[in-house]
Amino acid sequence: MSNASTVETSDVERIAVNCSKSGMHNYIFIAIPIIYSTIFVVGVFGNSMVVIVIYSYMKMKTVASIFLMNLALSDLCFVITLPLWAAYTAMHYHWPFGNFLCKVASTAITLNLYTTVFLLTCLSIDRYSAIVHPMKSRIWRTAMVARLTCVGIWLVAFLASMPSIIYRQIYLFHDTNQTVCAIVYDSGHIYFMVGMSLAKNIVGFLIPFLIILTSYTLIGKTLKEVYRAQRARNDDIFKMIVAVVLLFFFCWIPYQVFTFLDVLIQMDVIQNCKMYDIVDTGMPITICIAYFNSCLNPFLYGFFGKNFRKHFLQLIKYIPPKMRTHASVNTKSSLVSSSLSDTKRASKKIALQMTDNEEHCK
């Protein structure tokens, strides 16, 4: 069992008796809590710095900074629950924190999954609009639209997390006196639970990733048509977002695979204890890999974002925002020529210069 456990009440005897040792390995109970604790410390520090830098220095004036701010907040809300999961795993999957915290900590996982993937999708669409359709997109690529989009993302992610709020609860195995935090459901709800698990695979990963992949493919094609020197001016934020997306993919794909295997177990397609053990052992490991996404994002911002590095150094040197130099995201002098060329190449060049002046927030 793990923090992704499911318990079908009509099937407890099979789980508790026939496959009672699945996933119960000493190295899991030692290594996983250490990893969770490390992610907690690094994630809280890193994402807190991102929130402070963007809010205090960058003032959330651009579309990208608003999305990145919400991404950091999502990661921060999630990583603060990791000490609970670390203790839960260290105690051999025994949950002593009560039903309320079981629901809250579980909901934070699902909420983080959906908000992260939706925000990354919006970032890729924003980059696509800014680079491929720079003139037309200026109408809707505003801070207000970005804020409303983020509100919508949080609402949709919260609705997608409702099964955790409703079905996640503590369950006592009387024969072992073990209290677990798991999704508990009647056999009549099996197809609903399977549907929710598949939604994580399809809505929470596959569809958004296809949108992201398409967006960046079209962006790459467009960038080939402009001058290399001009492209370099837009590389900072482009490289950073691509890195964030790739990190998300490689961190979450193992978890998505094991979630699908868990669906097959729930549907009785897989019916042997060896596979139960593989899934129950692999699930906390893949969850750890997925959780690394929440603590590594801030370091990507610092590595790829020149302005972010500058503001971060100002922060750790205790330089107040009002005293900082004013070479900020909106103060670069425009290089746009006074007249537009009739050719497509010149039009794109000018548009990208304008975009860089407005959007170079990193």
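Numbers run from 1 along the shown chain.
Any Cβ shown, glycine's included, is placed from N, Cα and C.
Judged by membrane topology as recorded in Swiss-Prot, N99 sits across the membrane from Q314.
In this structure, of the binding-site residues R168, K200, the smallest number of CB atoms within 10 A of the CB marks K200.
Sorting the topological domain 'Extracellular' (268-277) by DSSP state (H, G, I as helix; E, B as strand; all else coil) yields 5 helix, 0 strand, 5 coil. C181 (disulfide bond) has R168 as its nearest neighbour among the recorded positions R168, K200, C273, going by CA to CA distance. In this structure the residues listed as binding angiotensin II are R168, Y185, K200; their two most distant Cα atoms lie 18 Å apart.
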